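According to TrEMBL, the protein carries these features:
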- A:T109, A:S110, A:F151, A:P152, A:T153, A:D154, A:D220, A:H223, A:Y245, A:W275, A:T301: pyridoxal 5'-phosphate binding site (BINDING)
- A:K246: N6-(pyridoxal phosphate)lysine (MOD_RES)
There are 2 protein chains.
Amino acid sequence: MSDPRPASRPSPGVDLRIQAKELDREDELAVKRAEFVLDDTVYLDGNSLGALPAHVPDRVADVINRQWGRLRIRSWGESEWWTAPERIGDRVAPLVGAAPGQIVVGDSTSVNVFKALVAAVRLVRGEGEGGGSGGEPHAERDEIIVDATTFPTDGYIAQSAARLTGCRLTPLTPAEVPAALGPRTAAVLLNHADYRTGRLHDLPGLTAAVHAAGALAVWDLCHTAGALPVGLDEHGVDLAVGCTYKYLNGGPGSPAYLYVRRELQDRFDSPLPGWNSHVEPFGMRPEFEAADGVLRGRVGTPDILSMLALEAALDVWDGVSMDAVRAKSLALTDFFLRCVAAYVPQGLVESLTPDAHAERGSQVALRCEGAGDVMKRLIERGVVGDFRAPDVLRFGFTPLYVSFADAERAARVLAEVLES
Amino acid sequence: MSDPRPASRPSPGVDLRIQAKELDREDELAVKRAEFVLDDTVYLDGNSLGALPAHVPDRVADVINRQWGRLRIRSWGESEWWTAPERIGDRVAPLVGAAPGQIVVGDSTSVNVFKALVAAVRLVRGEGEGGGSGGEPHAERDEIIVDATTFPTDGYIAQSAARLTGCRLTPLTPAEVPAALGPRTAAVLLNHADYRTGRLHDLPGLTAAVHAAGALAVWDLCHTAGALPVGLDEHGVDLAVGCTYKYLNGGPGSPAYLYVRRELQDRFDSPLPGWNSHVEPFGMRPEFEAADGVLRGRVGTPDILSMLALEAALDVWDGVSMDAVRAKSLALTDFFLRCVAAYVPQGLVESLTPDAHAERGSQVALRCEGAGDVMKRLIERGVVGDFRAPDVLRFGFTPLYVSFADAERAARVLAEVLES
C-alpha cells in the first residue's frame, strides 16, 4: 500500500489515474476488452452476469435462423446439437484445470449440486445402481458436510440430498471442516470463494483433508471459474459444479456444468438418470443402462439456444492463460483497494476481502452503512456493482474486460457518493 | 372413407389433390401458416421439433443485444427476467386448460418428472418438509405405477424417484392401470399420448380411477400440449409436466414446465428446493423456506435466452382456440390416412394409430418394412417425418402450419418411395 507521492502533486487522484493508465498500457489482456459489448459505465458486476461477447449475437442468429429455422430436426446431427453438452464441457475443462471427457454442460447449478451430492454419497457407500443402503461397505457414512458460508441454494439442495439418502447435514465454515471430518462423513460440499466476502478457500488443502477422512469432495466453482486457476485434476477434486454466466460470460441463466473425475465415472450413479445419460438414447429401452463416462451426468434434452450461445461466448478464452487472468485479477483488486484507501475517508468502508492473495478471489466486498442506497447512487453514476443484504457492496473484477482505469474511477465515484 | 369418384377422373390422386385444396380453403387456421418459417418441404416432424415462428429471431436478438448487452444485470428487474418462469407458465396454462398460477417453466421434462413424482409420493404420504417417512398417515403407500409405454426417460426417472422414496416401481400399460391400483399406490405417472403409436390415453377416466384409489395422478403432456385440449383443471389432474419444443414451437431443448394443482401447492415439497423456490430468494437465508404457490416448482437461475425465445414463440397461440386445433388435427390425420389408403398398395404399411378419434393424438404412426431406409428416402424427397426403431414411420401433424396439401403430398411421396 506504499504510495510515495511527490509533494508537488495536487491530489492522490492524479497520481492514481496516471498509474491506472500505465497499468492498462502494460496489460497483456487489455486487447480482450474489444471483444465485449461495453459502454461508458464501469461494469463491476461480471461476477453476477458477465458482459456480452460481441460475436455472440450473430452466432445465436445463425443457430435460430439456419439451424432451427431451415435445417430444423436435422440439426440434432448436422449441427451437432446432440453432442453439445460434452463438447462444450471440453471447452470449459481447460479453464478449470480438467482434462477432456470429465465435464458435461447442462441444467442449473442447483440441479448439478443435487446430482453431485447424491452420487457422492452413493460412491462413498459403494452402492451399485438400484441398490439400497443396507449391507454395502461404508454404509455407515451418513453425514454430508456443507459449507455454511456458501451461496444458499447449495445448502438447500444439500439438505434435500441428505434427506433422500438418509444422511444428516452438518453446516460448517470451511475453516471448521478439517477438524469435523470423521469416519461417518460421506461428502463435503464447499464453495471455492465466498460469494459475499470474496474470500478464496483452500481447495487443495481442504480436498486433501476430505480424502484423508475417506470422504468425497464436491466443489462449487461459480465464483472462481474464469477468474483464477482451479486445478481440478491436479488437486484430485472428486466432483465439481459451476455456473457459466459469471466470469464465463455465457449469458443470463446459461447452462451450468458438472465435473466427474475420470476414476469415479464408471461408478457415478446419478439420481437424475434421463434418456440423455442412457448408453443408447435412441434405443428407447425400458430399462436404464448408464452411458460410459461423463455422459452419465446428462439428463434431459439439452437446451440448445442457451448452450450454443455459451459455446460462442467461450471463444473469448482462446489463447488466454489462466495464470495471466489471475495475475491481472489480483493486480486489479490490489489497485482498487489502494484507490479506495486513497480516496475514501477513513472509517466509511471496511473491506471484507482478505488482503492475502492466497485468500482472495476476484471480487472486493466493502461493508458500509446504507450499502443498498450507496449502490443505487453508484449505479446512477455509472459504476455498476451489486448489493448483498444487509450492508455489503460487491465489486467484481473480470480480467478480460475490466481495466485499471475502471477500478480507479469506481473508487473515485464511491468516495464522491459517500462524501455527498 | 367413402370417396365416390366419377368414372371420368383419371386417378384417386387428382381427386384427393382437389379435396386438399378445398380443405385448405375452408381451414380457419390456414392463416397461421404465414407466422412460421417454412420452405417447400413437407414438415411432419413438429411433434419432435416445432418449426420456427417468424418473429422469434428479432425478439431473441433484442434479448441478447439490448437486455443482456446493454442493460446487463439490470434486466433481471427491468426486463422482467426474474419472473419469467411463472409469467411464461401463465402463457402455457390456457393451452392445457389450467387457470393462472399453477405452472412454472424451467428445467427439462426429465427433471420436472422427478420433482413431480417425489412430491406426489410425499403429498400422498402426508410428509411435511424435512420429515422422514415414519409414522405419517398413508406411510404405507409405497408403490409408484409408471406407464410402461411412456417415453423411456419418464420410466428411468420414475425408477430413481422410487428408489429415493423407498417405493417399488410397477410398469403397466395405461389400460392395465385401473385394475392394478390399490391401497399401496402412491402415484401414477402416465403419458397422455403414446410417442410411438400416437394413441391418446383417457386422461379424465384414468385420473378419476387413480383418485378413487387414493393416489395422485401425474401426466406427461409432451405429445399433446398444443395439439388438443388437455383440461388439467377440469379433470382434476394433480401434477403434470411437458416439453415446449414440440407443438409449442419453443425451439430446440426449450424449457419444460411443471403444473401443480392449486389445492396441492401449499403441501408441494420439492426434492429440488433451489434458491428460486425460496420465499425470499435474495434474503440469502441459510434455512430453506418454500415460496407460496407454484413458485415452489422453480429451482435454479432460469435460462433466460431459451425462456424468452419460448415466450416469443407462444405469441402464435394468441386468438387460437384449442378446439379448432383439435378439429383440424383430426381432419388432417383422417385425410392423411385416407390418402395413404388410396395411394399405398395394400399390405405395405400398417397404421398403428387408432382410427377412433377419442384414441388418437396428433400423429400417425405407420409400421413398414425397412422403415429407417424409407424415412431417409422420404426426407431426400422433401417429406420430413421421423423413424422410431425398429419399424415405425412417424408423421406429426401440427395444425398451425401443416396443410391438407402437405398431407396429400406426404402420402403420395410415401407411395412412390414404397413402390420404387
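Cβ coordinates are placed from backbone N, Cα and C, and glycine is handled just like the others.
Given the structure is predicted, the values throughout are model-derived calculations rather than measurements.
The structure, with features from TrEMBL marked on it.
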residue: A:T109; record: pyridoxal 5'-phosphate binding site; contacts (Cβ under 8 Å, 6+ apart): A:T153, A:D220, A:C222, A:V241, A:G242, A:C243, A:A256
residue: A:F151; record: pyridoxal 5'-phosphate binding site; contacts (Cβ under 8 Å, 6+ apart): A:N191, A:Y195, A:D220, A:C222
residue: A:Y245; record: pyridoxal 5'-phosphate binding site; contacts (Cβ under 8 Å, 6+ apart): A:L49, A:G50, A:G251, A:P252, A:G253, A:S254
residue: A:K246; record: N6-(pyridoxal phosphate)lysine; contacts (Cβ under 8 Å, 6+ apart): A:G46, A:N47, A:S48, A:L49, A:G50, A:C222, A:H223, A:A225, A:G226, A:G396
residue: A:T301; record: pyridoxal 5'-phosphate binding site; contacts (Cβ under 8 Å, 6+ apart): A:N276
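Listed recorded positions A:T109, A:T153, A:D220, A:K246, A:T301 compared with chain B at a CB cut-off under 8 A give A:T109, A:T153, A:T301 as the close ones.
In this structure, A:T109 (pyridoxal 5'-phosphate binding site) is part of a helix by DSSP. Among the residues the record lists as binding pyridoxal 5'-phosphate, namely A:T109, A:S110, A:F151, A:P152, A:T153, A:D154, A:D220, A:H223, A:Y245, A:W275, A:T301, the two farthest apart have Cα atoms separated by 31 Å. In the three-state DSSP scheme, A:T153 (pyridoxal 5'-phosphate binding site) falls into the helix class.
DSSP assigns A:K246 (N6-(pyridoxal phosphate)lysine) to coil in the three-state reduction, outside any helix or strand. If you draw a 10 Å sphere around the CB of A:T153 (pyridoxal 5'-phosphate binding site), it holds 27 other CB atoms from the protein chains shown. A strand conformation is recorded for A:D220 (pyridoxal 5'-phosphate binding site) in the three-state DSSP classification. Of all Cβ atoms in the protein chains displayed, 27 besides its own lie within 10 Å of the Cβ of A:D220 (pyridoxal 5'-phosphate binding site).
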